[in-house]
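**Q** What Swiss-Prot records for this protein is below:
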type     : residues                                                                                              : note
BINDING  : GLY62, GLY63, LEU64, GLY65, GLN66, LEU67, ASP88, ILE89, ARG90, ASP106, ILE107, TYR195, LYS199, ILE225 : NAD(+) binding site
ACT_SITE : TYR195                                                                                                : active site, proton donor/acceptor
Amino acid sequence: MPVVKMLKQVASRTLGSPACGCQPPTLPRRFLGTSPRQIPADANFHSTSFSEANQPRVLITGGLGQLGVGLASLLRKRFGKDNVILSDIRKPPEHVFLSGPFIYSDILDYKNLREIVVNNRVTWLFHYSALLSAVGEANVSLARAVNITGLHNVLDVAAEHGLRLFVPSTIGAFGPTSPRNPTPDLCIQRPRTIYGVSKVHAELMGEYYYYRYGLDFRCLRYPGIISADSQPGGGTTDYAVQIFQDAVKNGRFECNLNPGTKLPMMYIDDCLRATLEVMEAPAEALSLRTYNVNAMSFTPAELAQEVLKHIPEFQITYNVDSVRQAIADSWPMNFDDSTARRDWGWKHDFDLPELVTTMLNFHGAHSRVAQAN
């Protein structure tokens, strides 16, 4: 096939170029060689041209997790309801199903993922399918399959079809030997959870695909994300979500981390906006493939003190989970996100007082509605 022959010639010339000894050779931004997976000779996909001037066609994997539904809502407001496809392996609740396109997508099924991208003319892919820190430690084999094998499928499909790919990373990508206060973008990582290891793997594989295949890979290391309208998903920072629900409902909360455990945190609206902003940033503005982003850092005790300003009778007790505490003790206390602020203008809106007020107002309103019903 002439196209395959031409691509092999391009790859041969690229790989045969001499290196300078201290820096990798300058590579073209887009496709450099053959696809990471060979296309079967009998493959039969419908191909449709897509203009870069049009709105992106978006696919979100793992869309029923903490961030997917909110991201879909934000992107649909920006790009149109029908241009954003939410996907997961679970059955969506009715309000999600009715809010816009939803399809079944198993990231471990490479052929199915590829068909979805081609048949829906996808140009942007947000890859949110993952098992989080505490859940991953309880099921390492499943975490390895979802977080690593699934990532490989997504990377290959994205490279083959020239997608712009976003993969979130995490504070969990760092370990006990990393600088903790603050933690810069580039430093020793060496995490000690399968979740963290898989995220470092994702960061490095994405950067490799950027240089090797020209994949437009973009990644943010999220701090702990606090959201009002979703349930905790098995992460070490879940206490900072659960505390508001329990404070409004019961007036007390049992925390599974030590009172002095400081971790970086962010309200979900800031998180989703940062994700959209880095995806919309001009390619030439990005000096890194993976950026830290941050808003605030606090301890459980500091968060409880802020809650007490609104609910004076609130009580917090501590029953430390040794597994989660060990994970938290290996993570950054504060993120240095100065590069993101410099390169693409990142700026957070929510500090701790605004966060607490927003969360308590949300849960207070829902509690009053429930009582009325």
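Don't overthink the numbers, they just go from 1 along the chain as shown.
Note that Cβ sites are derived from N, Cα and C of the backbone, with glycine treated the same way.
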**Q** For the NAD(+) binding residues given in the record (GLY62, GLY63, LEU64, GLY65, GLN66, LEU67, ASP88, ILE89, ARG90, ASP106, ILE107, TYR195, LYS199, ILE225), what is the largest pairwise C-alpha separation in angstrom?
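**A** The widest Cα-Cα gap among those binding residues is 25 Å.
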**Q** Would you mind ranking the binding-site residues ARG90, LYS199 by how many other Cβ atoms sit within 10 Å of each Cβ and giving me the lowest?
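**A** Counting other Cβ atoms within 10 Å of each of the binding-site residues ARG90, LYS199 gives the minimum at ARG90.
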**Q** Taking the Cβ of ASP88 (NAD(+) binding site) as the reference point, list residues of the same chain whose Cβ is under 8 angstroms away and which are at least six residues distant in sequence.
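**A** Expected: THR61, GLY62, GLY63, LEU64, GLY65, GLY68, PHE102, TYR104, SER105, SER129.
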**Q** Sequence gap of 6 or more, C-beta under 8 Å: which same-chain residues meet both conditions with respect to ILE107 (NAD(+) binding site)?
**A** THR61, GLY62, LEU113, HIS127, SER129, VAL146, GLY150, ASN153, VAL154
**Q** Are there any residues at least 6 positions away along the chain from TYR195 (active site, proton donor/acceptor) with a Cβ closer than 8 Å to its Cβ? List them or say none.
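**A** The list for TYR195 (active site, proton donor/acceptor) reads ALA130, LEU131, LEU132, SER133, GLY136, GLU137, ALA143, ASN147, THR170, GLY172, given in order along the sequence.
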**Q** For the binding-site residues LEU64, GLN66, which one has its C-beta crowded by the most other C-beta atoms within 10 angstroms?
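**A** Compared across LEU64, GLN66, the most Cβ atoms within 10 Å surround GLN66.
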**Q** Could you check what DSSP calls ASP88 (NAD(+) binding site) once collapsed to helix, strand or coil?
**A** strand
